[in-house]
Amino acid sequence: MKRTFQPNNRKRSKVHGFRSRMSSKNGRLVLARRRRKGRKVLSA
């Protein structure tokens, strides 16, 4: 059986990256929430 995690940095950035977060309203809400919580890393 194939494992579920098949690392791929390009896909990682496209799905979870900063620019993809900024491109939608809900993504911006995610970043705002993480800033408020005090996360050192906001996105992948």
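A Cβ is built for glycine as well, from the same backbone N, Cα and C atoms used for every other residue.
Long-range contacts of the compositional bias 'Basic residues' (1-19) within the same chain, counting only residues at least 6 positions beyond its ends with a Cβ under 8 Å from a Cβ of the stretch, are 31, 42-44. According to Swiss-Prot, the feature compositional bias 'Basic residues' maps to 1-19.
The feature region 'Disordered' is assigned by Swiss-Prot to 1-27. Across the region 'Disordered' (1-27), DSSP classifies residues as 16 helix, 0 strand, 11 coil.
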